[in-house]
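The structure appears right after this line, and notes come after that.
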Amino acid sequence: MDSVSRLTSVLTLVLSGLWHLGLTASNYNCDDPLASLLSPMAFSSSSDLTGSSSPAQLNWRMGTGGWSPADSNAQQWLQMDLGNRVEITAVATQGRYGSSDWVTSYSLMFSDTGRNWKQYKQEDSIWTFVGNMNADSVVHHKLLHSVRARFLRFVPLEWNPNGKIGMRVEVYGCSYKSDVADFDGRSSLLYRFNQKMMSTLKDVISLKFKSMQGDGVLFHGEGQRGDHITLELQKGRLALYLNLDDSKARLISSPPLATLGSLLDDQHWHSVLLERVGRQVNFTVDKHTQHFRTKGETDALDIDYELSFGGIPVPSKPGTFLKKNFHGCIENLYYNGVNIIDLAKRRKHQIYTGNVTFSCFEPQIVPITFVNSRGNYLLLPGTPQIDGLSVSFQFRTWNKDGLLLSTELSEGSGTLLLTLEGGTLRLLIKKVAGQGIEIFTGSDLNDGLWHSVSINARRTRITLTLDNEAASPAPDTSRLQIYSGNSYYFGGCPDNLTDSQCLNPIKAFQGCMRLIFIDNQPKDLISVQQGSLGNFSDLHIDLCSIKDRCLPNYCEHGGHCTQSWTAFYCNCSDTGYKGATCHDSIYEQSCEVYRHRGNMAGFFFIDSDGSGPLGPLQVYCNITEDKIWMSVQHNNTELTRVQGSDPEKPYIMTLDYGGSMEQLEALIDGSEHCEQEVAYHCRRSRLLNTPDGAPFTWWIGRSNERHPYWGGSLPGVQQCGCGLEESCLDIRHFCNCDADTDEWTNDTGFLSFKDHLPVTQIVITDTNRSNSEAAWRIGPLRCYGDRHYWNAVSFATEASYLHFPTFHGEFSADISFFFKTTALSGVFLENLGIKDFIRLEISSPSEIMFAIDVGNGPVELVVQAPTALNDNQWHYVRAERNLKETSLQVDNLPKSTRETSEEGHFRLQLNSQLFVGGTSSRQKGFLGCIRSLHLNGQKVDLEERAKVTSGVRPGCPGHCSSYGSNCHNGGKCVEKHSGYSCDCTNSPYEGPFCQKEISAVFDAGTSVTYMFQEPYPVTKNTSLSSSAIYADAAPPKETIALSFVTSQAPSLLLFLNSSSQDFLAILVCKNGSLQVRYQLGKEESHVFTIDVKNLANRRMHHVKISREGRELSIQTLGLDPEVARANALGFVGCLSSVQYNHIAPLKAALRHASTAPVTVRGSLAESSCGSMVDTDMNAVTTVHSSSDPFGKTDEREPLTNAVRSDSAVIGGVIAVVTFITFCIIGIMTRFLYQHKQSHRTNQMKEKEYPENLDSSFRNDIDLQNTVSECKREYFI
């Protein structure tokens, strides 16, 4: 396998070198001057100042001293005929001698025939050459890509504003020789082998071709056992079919292995290179290459008898072909080093030539390009008053809409309109009287392919033909006499015409046309260009400048590319990415970031490299208060038994994690700690043997290496965990299983060396002896910690900076980070090129600027914040540049965006070091902190670089100053080196941000008693009563909060009392209103009733009571049904979020029952939040209790009937928290729900108390008086 890989690499390098040597201008000494030897007749131009052709060679001083056109405008050009096809490697220009006429910028066009020109491009854009600054100096340009052509045209773009266009030129290069064959669509070449079958392990096929046809077979070979290779033009693209299997897959039924190229039917030369070594294939068309492997098990291509070029002849049927033949020219055709065309020209016996000629026939077809979607048009004359009409032409475009043809018909027969609407052809003939004819045909005609259109009207019969398929209107609408028009407007209308002369209801056409016939007469478009026929505006005549903007596809991550004439668009659906080019991941890069966004535990997609090439992977994020664990499951996490394996027949299980190894490695490398639990249960099945012996079991890690150590041990040590701890069953062995006992035992532990994880395979070889058996289990991959999200550095001086390798973002670049500072300005980041650069800075206290230059001039984007950004708080910055747009985002402020120009330079080419926190000039440096820096999704380790850089410190304290507000409900922000955490000790809530409610269902008889020391040690005189303490000290404060859901009233929600006569009670009255009663000292008690609605309505209600001295404030909040259902954190049927000042008794009972001073009586069950609001009683009973939590009560039954408890459990109370001066007892209990039968049998009189009710409690509050007073106390 390695030798094949090396052979592939060597062959590819050699072939690539030969290929580029033959196709580029790197040939030595190919720099001879070519124009200086030409005669004056070789020069021609759009016009000439002298009225005749002027010589325009470099340094020409005679006559007019060079070329100047009659008028200096954008339609002028200078052309030379080099006599034969030559290789052109460089050009040079001067101004016109002795004048102020020179050209400051120009473009080049080339052609083999003087027709159908092609524009010179670099970076996939029409290239603009810098011209002269005076008339005499010579400006020389070496072409990045050499050109092979006979005709070369200079097109001035800009010239001296104080003069005119003037040029003297030179062209450099050398002669070019080639072997050419012309195929007429019915011909082919057959290359016959010397033996019956040719079997090859490697193949190299190279050629160049040109064609006006979008379909045709270039070459084909096949074997009787199913092998075949075919290269075929299909709709202007090249499809490669290759099969190395011996299966009988046929060419006609199988899909192509690869498709490359676009618009290859443009009658220009295109190069093809096919390299194969075994199943590895490199397929190149022009500058675009695909690398892939063929399917199958064999490496040889077996072809019988012959290879055919130009078609697939049918055996025993001369002149018959299986598929459409190639129509065009092929040049320099080589098969495995054999020059096929040279053999054919020399009529060698290996070659059979059928109707092939050895010179390239060039059809004299003149295409035109409509450039502008507003003002372009082509006016051609017709023959008026002819009875009938005939117009035909071909067009190609990417736009869905556009005017193709408009003409005013003669004899008042109306207006003819041919438009492209939504990719469909529409013919409309409008009569003055209102009658008309309308025909629709075709679909998706904006596919970039050539389509032929013909309109014919004779004797009231109208036919619209599209691609040789005719369409006619309905019979009852076709009785219209039509006469040919005088003027035919193609592509658009001039601005100065009325609708009757030229009607354009939609935008002008952008695209190409050719082969225009009017009244069966071809129109000479060169005469139009010379001004002797018709008229035009914004046209390129004699070239079709269509461009496939989806090749290459700049939509990333599998985004689907579509295009118009001027732009491409990306559909990012189902990719997991977003943005103009599908560059930005919609997922976060770690569980830590999801936690910071406020998410709870669950399954999430993690995209470790963000906008990088790796796709997202689904993991489980266990977001807790301590560590955020990320788990990746594999396909076999259950305990698996193994028997019958030995070294000859080992048991092998491969683990699949649902993602690539690159994705898993990125997850592991970005985490602080990773582990996998491994367990081996054994009975007479050895695990690792002795440290010096061959292991019986091993596992494979990420690098496909064997690892003979087990969980709990260290890498490189052939032991188990018990071996390191010296706790194995047999001290002579280092694993429990190696004791080889008849009893079941196990070795279990964690593998935590990240460079070896994850476990990808386990191999077991010792379960084939008598009574030998094993069972293994490998747990999921678990990791915690994000090494990069909190990776931060502090810049102490303006001269300090960090430097990194050059940032590479040629086509798309994104930069994101957090910063905090108190400085007024400073540069975050800078990277320079020769001309290009990229820079991010805080330019003023409230302004962030992103500046970038890709060669078209700098672009600056600014985001202005409404408040200062130098507030020493963390702020987020993200800048992105792609081929569609440049954008800058700061925090959640509106994004600043600017569209990228579709033309000009588009590669960002940088070559210096990347400076972070400063610039190459060491000026305008940044003072402050930067963290979590990402470049194109790649994480930059700032802290590691800062450790070896003076003036920069790893880390940046003060996270709580920015993120402390994320700790809710009394949670306290705790500063950490890598981030922060929320301490929820004094909060009734829990979770990473103290937002998760703690709630519980209380069964009948359940209570919670919380005992704690006096929380207010305000005096040393403990003999004083609480009222005395209150009198001498600051006014006491209480804050009480709880949530409840109930359907039973009356009931007591909460009761507070001390050893003095102070108390506070919260009740739900019989009518469902909320009542608060309190008394301080010996004064009279106060009663407040909130009677806004019935609170015993099975809805969540929240109560918060704050008392400071004698002032009491009450807040209640009830949620309507829709909000209650959405608020899944609510408490249903049980207490939720109970808090008295800084004490959370319910949380202590549920979370710290063994350590907190809390006593639980009865069954206390933690409840689920969203399931109990407005549920039916059967569901509640089934899930939570054997009694009916929301059962209907007899409204006539006195509250005392519900109070059946001893003194420790207060009956009829949801929760009671009793605070005593020195030892305060908090008692909470749910409704003591009872079956209706017990209610009926235990019904008592209204004023009767249960015998076991505590007497002090009876004296403190008369519950029946409370119920009866609900309607007569004052309300708030």
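Including glycine, each Cβ sits where the backbone N, Cα and C put it.
Note that TrEMBL annotation is computational and uncurated.
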Going by the disulfide annotation in TrEMBL, which one of CYS956, CYS960 is bonded to CYS929? CYS956
For the domain 'EGF-like' (957-995), distant same-chain residues with Cβ under 8 A (at least six beyond the ends): 592, 595-596, 598, 600, 623-625, 628, 672, 785-786, 789-790, 820, 872-874, 1041, 1129, 1137-1139, 1142-1144, 1146-1147, 1151
Tertiary neighbours of CYS956 (disulfide bond) (same chain, Cβ under 8 Å, six or more apart): ALA792, VAL793, SER794, LYS820, CYS929, ARG931
Over the domain 'Laminin G' (180-360) the mean pLDDT stands at 87
Give the number of CB atoms, excluding that of CYS929 (disulfide bond) itself, located within 10 Å of its CB. 22
What is the three-state DSSP composition of the domain 'EGF-like' (957-995), stated as helix, strand and coil residue counts? 8 helix, 12 strand, 19 coil
